[in-house]
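Feature annotations, reproduced from Swiss-Prot:
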- Asp132: active site, proton acceptor (ACT_SITE)
- Ile16, Gly17, Ser18, Gly19, Ser20, Phe21, Ala22, Val23, Val24, Lys39: ATP binding site (BINDING)
- 288-308: compositional bias 'Polar residues' (COMPBIAS)
- 315-325: compositional bias 'Low complexity' (COMPBIAS)
- 330-339: compositional bias 'Basic and acidic residues' (COMPBIAS)
- 10-268: domain 'Protein kinase' (DOMAIN)
- 288-347: region 'Disordered' (REGION)
- 360-363: motif 'AIM (Atg8-family-interacting motif)' (MOTIF)
Amino acid sequence: MESARLVGDYALGPRIGSGSFAVVWLAKHRSSGLEVAVKEIDKKLLSPKVRDNLLKEISILSTIDHPNIIRFYEAIETGDRIFLVLEYCSGGDLAGYINRHGKVPEAVAKHFMRQLALGLQVLQEKHFIHRDLKPQNLLLSSKEVTPLLKIGDFGFARSLTPESMAETFCGSPLYMAPEIIRNQKYDAKADLWSAGAILFQLVTGKPPFDGNNHIQLFHNIVRDTELKFPEDTRNEIHPDCVDLCRSLLRRNPIERLTFREFFNHMFLREPRQIPDVEHSGFSTCTGKSLLPSAQPSTSTNRFKSSAENVHKHGSSSSASNSQISMPHTSFEKTRKDTEGQCSSNQSGVVDSLELIEREYVLVNRPSASLEGSSDCFDTSLQDSGFPNILPRNEKVSSSSLEAQKPLSDVSGPRPASVSYLLTEVQRLTIVHPPTKLQLLHQYAQALTELASEMGNTGQVKESFAVTLVVLAVWRKALEICDSWMMSVGENEVNPDPTTAPETSIPDLNSPAPAKTWVTQEFVTALNQAENLSTQLNETSAATHMPDAMETIYERALAYGKSGGAEEYLSNKESAATLYKKAILLLSFIIEEAVTLSLNPSFSLTPDDKKRILYYISNLQHRRSHL
């Protein structure tokens, strides 16, 4: 009997796939017996472009360790071959699954889309776009009804900073975004279009667009008509699913859902549990990730760099130079310090607001309905100077929110209502850039005031760290202006940076004046950062820099505590102002900070998000009853 072919430590078995440039083999590790997929690539078939794509795939996969991304073990190079050793998925791909099952139940579609969203979240955090998302590239861990889904085949993927736009024509025609077909510049939202096409196919059994040939297919994708669901499925599909499909398959990428909105869409949400004040995990110290020590979700458990994994050549993605570099603390040290404090006295930054709630906020609190929380949140936005994001004649009805109530007899404010409303804010602002710009202005204004307070009290390093976040906020606003101008076809505006900033928000009915105003605000923040940097240099403050997000979080807690004290002393106006500041900063952390281009990147664990939503809900509840 002929012995198995050996590649490194792996014995190759049967062929399980093939393509234009590669053959895929099922293989086993000779020592551990681990089954893997080995992609064999003939170097002679590689053009320089294809070789570059291959190196990108190695580079991307070597930096990611996530259950919804295909796992990369190593690359082995011989004289005429390159072998990629990858995780083996016995369930085949999603295309085969759809061929076997046809349209799937909505629960199964929801399962797969949640898995896809989790994988895309990792790519988005790393500023990668896949560019070829399709059922054939979504692998399944087993042949179960609801297996684990993993994103694979990164040959077309590329690193993309939030400001940059790709121009390469690539991807599968059935799942290709209109902006790619039109040969326009595109960004990571092209992946969201593909995700929408995949969801549509899951729940209907067929892609959203077809044609007799590529020309007809492309015409059907780019023409401005409403997405149509097959007659036999219209009454079967939940409105949330229909909304997600339509929101992802918007031809104008500006109107398409953002990644944040996609991850938080109602269709993908898990059933929520209402925290119990006395028995919630928030009120105990478990030693798990807490906000000050929360690490970016992709910063730990990574595989070795490609320089270590590729035997003869390495490849690694260069860090983006477009990010705002943030001074930061040692997360590991902070985590240990925090854990050491928790077990004894429940003190420290993380638990301080919890103690505030017990002392000031949660005393004899009356029951609050979701509708009440909705009104409270809307009122807070108006009081803060926000635009009327939920107009009175379009306010979400109590009946539509009724489905969000897990329990009708639970007293106290509900975090679910705040999360729902914040998501509605995000969903509406994508269609209205002026509203989003004003929201960013509110965050920038609050952070600028915080930086000023700290600078006035001699906390120059903290002030500098927060000012860098302000710069990141205005940079995002500039990106929105650029995209807005592109969508309406306005010419580029190059405002004079020496022009004095506007003292108030201008009329934002068109992108040109909006960009002028945003640029002026950015320059103002940049000048402030330079002044603070000069102060630091003059004082030789080359010491450890504080973490900006911890600083913002701590100050939000302090505002909440002070507001509770003022409420206790019946100083209602002062209490309302302090509560409002705390709510705004906490809302910034949970809704906007995680989307900014910061270095190091900032992320929250699910527990952190729930905790902060709970704080926001309680603070809103107290403020509404002053």
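Each residue, glycine too, has its Cβ placed from N, Cα and C.
Structure coloured by features recorded in Swiss-Prot.
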| residue | record | contacts (Cβ under 8 Å, 6+ apart) |
| --- | --- | --- |
| Ile16 | ATP binding site | Val24, Trp25, Leu26, Ala37 |
| Ser18 | ATP binding site | Val24 |
| Ala22 | ATP binding site | Lys39, Glu40, Ile41, Asp42 |
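Per-residue pLDDT, averaged over the motif 'AIM (Atg8-family-interacting motif)' (360-363), rounds to 34. For Asp132 (active site, proton acceptor), the count of additional Cβ atoms within 10 Å of its Cβ stands at 20 [all protein chains shown].
DSSP gives Ile16 (ATP binding site) a strand state. Under the three-state DSSP scheme, the residue listed as 'active site, proton acceptor' falls in the coil class. Annotation note: Val24 (ATP binding site) sits in a strand segment as assigned by DSSP.
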